[in-house]
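Enquirer: Residues or ranges marked as ATP binding site by Swiss-Prot on the basis of sequence analysis: SER9, PHE10, HIS17, GLY88, LEU89, ARG90, GLU98, TYR123, SER124, TYR125, LEU126, SER127, SER128, SER129. Feature annotation from Swiss-Prot assigns substrate binding site to SER9, LYS41, LEU73, LYS87; the stated evidence is sequence analysis. The site 'Transition state stabilizer' annotation in Swiss-Prot covers HIS17, and the record cites sequence analysis as its basis.
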Amino acid sequence: MNIAVYPGSFDPITNGHLDIIKRASQVFDKVVVGILVNPDKKGLFSIEEREKLISRVVKDMPNVEVRSFSGLLVDFMKEENIKVIIKGLRAMSDFEYEFQMALMNKKLNPDIETLFMMTCAQYSYLSSSSIKQVAMFGGCIKGLVPDEIIEDICKKSNNK
């Protein structure tokens, strides 16, 4: 079985993330959306909330699973028998950072490959950080995140 992991914090998931997930799910037998647990970072949503939100968004994609992990991505991949990392790229600045990470992951486990997928132009400006900021100030996030989670983001942002 050809399995890939799409790792990230997804706080919150954006339409750019969802676009990569959809496209990757057409290439791989299974895609695992891997939510990184970073205890040093206080997110808008808890890990459990992110798992639920993403699961709701991908519920109609039978070959997509949502899991959280802590520690090194390569260790998670070894446990799950995954050999491919999917990374979305919005701009050259993303590539420089992700290229360094790909080299580090390859050094830690030579069996791992990183595949880069270009974000569709319509989503190239999106980031979870910008979504949180727009929502916090009461701006419209329709079209930026999946419709199923707009209300969750707005409620959570207004409670901050």
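Any Cβ shown, glycine's included, is placed from N, Cα and C.
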Enquirer: Determine, using Cα-Cα distances only, which of these binding-site residues is closest to SER124 (ATP binding site): LYS41, LEU73, LYS87.
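Expert: Given the candidates LYS41, LEU73, LYS87, the nearest one is LYS87.
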Enquirer: Just jot down the residues in the same chain as LEU89 (ATP binding site), at least 6 apart in sequence, with C-beta under 8 A of its C-beta; none if empty.
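Expert: Within the chain, LEU89 (ATP binding site) has Cβ neighbours under 8 Å at PHE95, GLU98, PHE116, MET117, MET118, THR119.
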Enquirer: Work through the binding-site residues one by one (SER9, SER124) and point out the residue whose CB has the fewest other CB atoms within 10 angstroms.
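Expert: Across SER9, SER124, these binding-site residues, the one with fewest Cβ atoms within 10 Å is SER124.
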Enquirer: Which number gives the other C-beta atoms within 10 angstroms of the C-beta of LEU73 (substrate binding site), all protein chains shown included?
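Expert: LEU73 (substrate binding site): 20 neighbouring Cβ atoms within 10 Å.
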Enquirer: Test of understanding: give the count of other CB atoms lying within 10 angstroms of the CB of SER128 (ATP binding site).
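Expert: I count 21 other Cβ atoms within 10 Å of it.
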Enquirer: Hey, how far is LEU73 (substrate binding site) from SER128 (ATP binding site), Cα to Cα, in Å?
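Expert: Computed Cα spacing between LEU73 (substrate binding site) and SER128 (ATP binding site) is 20 Å.
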Enquirer: Among the binding-site residues listed here (SER9, HIS17, LEU126, SER128), which has the Cα closest to the Cα of LYS41 (substrate binding site)?
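Expert: Of the binding-site residues SER9, HIS17, LEU126, SER128, SER9 has its Cα closest to that of LYS41 (substrate binding site).
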Enquirer: Let me make sure I understand the structure: which of the binding-site residues listed (HIS17, LYS41, LYS87) has the fewest other Cβ atoms within 10 A of its Cβ?
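Expert: Minimum Cβ neighbour count within 10 Å, taken over the binding-site residues HIS17, LYS41, LYS87, occurs at LYS41.
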Enquirer: Give me the largest Cα to Cα distance among SER9, LYS41, LEU73, LYS87, the residues the record lists as binding substrate, in Å as a whole number.
Expert: 21
Enquirer: When DSSP is mapped onto helix/strand/coil, what comes out for LEU89 (ATP binding site)?
Expert: strand
Enquirer: Return only the integer: C-alpha distance in Å from LYS87 (substrate binding site) to HIS17 (ATP binding site).
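Expert: Checking the Cα atoms of LYS87 (substrate binding site) and HIS17 (ATP binding site) gives a distance of 10 Å.
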Enquirer: Output, ordered by sequence, the same-chain residues six or more apart from LEU126 (ATP binding site) with a CB under 8 Å from its CB, or 'none'.
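Expert: In sequence order, the residues whose Cβ lies under 8 Å from that of LEU126 (ATP binding site) (at least 6 apart) are THR14, ASN15, GLY16, ARG90, THR119, LEU144.
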Enquirer: Where does SER124 (ATP binding site) sit in DSSP terms: helix, strand, or coil?
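Expert: DSSP call for SER124 (ATP binding site): coil, neither helix nor strand.
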